[in-house]
């Protein structure tokens, strides 16, 4: 009993440590006072005032746009990299390729941001692109390190798959690309959703890389918040953060819900196929014990 109580206490402490700051943030977003540290009653005027703050809302929409682009690109590139690492086991430079894929995980963001900045400057001088840094350069920078997270998540799932399913499909005449899209992708769909959500959150939260590769008119939400809190936390920041928490929570729940339903449907289909196969095997007559025609 003591062990159960101690573990429950540690669970509660851990949850409070993680989610209590978020709860306080949401509560103070309804604070009527202009001073963040002074409670002045309940009010929704800061949420209404967001509609008039075009600069802040512009940075929010810009960050959401970049995060969506980053999630799509990171899932595509990360999945291809994970497939190469897990399915193509023998080729020259495989170890180097694996190290290059996972390098952004351990590389300091300052170094990554500086190297990308120098790359974009050199490209602008050599080929004339990009003429100015903005949403595209931020998207490229975010994709470079988010794809590494997706590759790690998807490769772990690919290693757990039963290769006999893919081999059986190819034995029946399916081409490799058809096996990949119709069999492999559905089986790793939960990992793709998890990698996409992780990339979305990392892109939405990034400050360092965006500070290096952004330009005029491409300020993201973390950059806007960081600039604002240097002069003191404004109530509008709490309101924006609360709305983002709500949006991310809803999207996360939807991804979890539909992934769970898809996984349950897949398991149910497999179980049904096994039962039907077993039933058919019981219905088949035993040819070895059947009497020969004309036997006495």
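Glycine is no exception: its Cβ is also placed from the backbone N, Cα and C atoms.
Outside the transmembrane segment (9-30), and at least 6 residues removed from its termini, the chain residues within Cβ reach (under 8 Å) are 36, 39, 42-44, 46-47, 235, 238-239, 241-242, 245. Sequence annotations record features per position, and here TrEMBL assigns transmembrane segment to 9-30 (among others).
The feature transmembrane segment is assigned by TrEMBL to 66-85 (among others). Cβ atoms under 8 Å from those of the transmembrane segment (66-85) belong to residues 94, 97-98, 101, 135, 138-139, 142-143, 146-155, 158, 180, 184, 188, 192, 195-197, 199-204, 220 of the same chain, restricted to positions at least 6 beyond its ends.
Marked as transmembrane segment by TrEMBL: 97-124 (among others).
Summarising the annotation, TrEMBL assigns transmembrane segment to 136-158 (among others).
Among the features that TrEMBL reports, transmembrane segment is placed at 179-202 (among others).
The transmembrane segment annotation in TrEMBL covers 237-258 (among others). Residues of the same chain lying 6 or more positions beyond the ends of the transmembrane segment (237-258) and with a Cβ under 8 Å from any Cβ of it are 22, 25-26, 28-29, 31, 36, 46-47, 49-50, 56, 60, 193-194, 196-197, 200-201, 204, 221, 225, 228-229.
Here the transmembrane segment (179-202) has Cβ contacts under 8 Å with residues 67-68, 70-72, 74-75, 78-79, 83, 142, 145-147, 149-150, 153-154, 156-158, 161, 165-166, 169-170, 248, 251-252, 255, 258-259, 262-263, 266 of the same chain, all six or more residues outside its ends.
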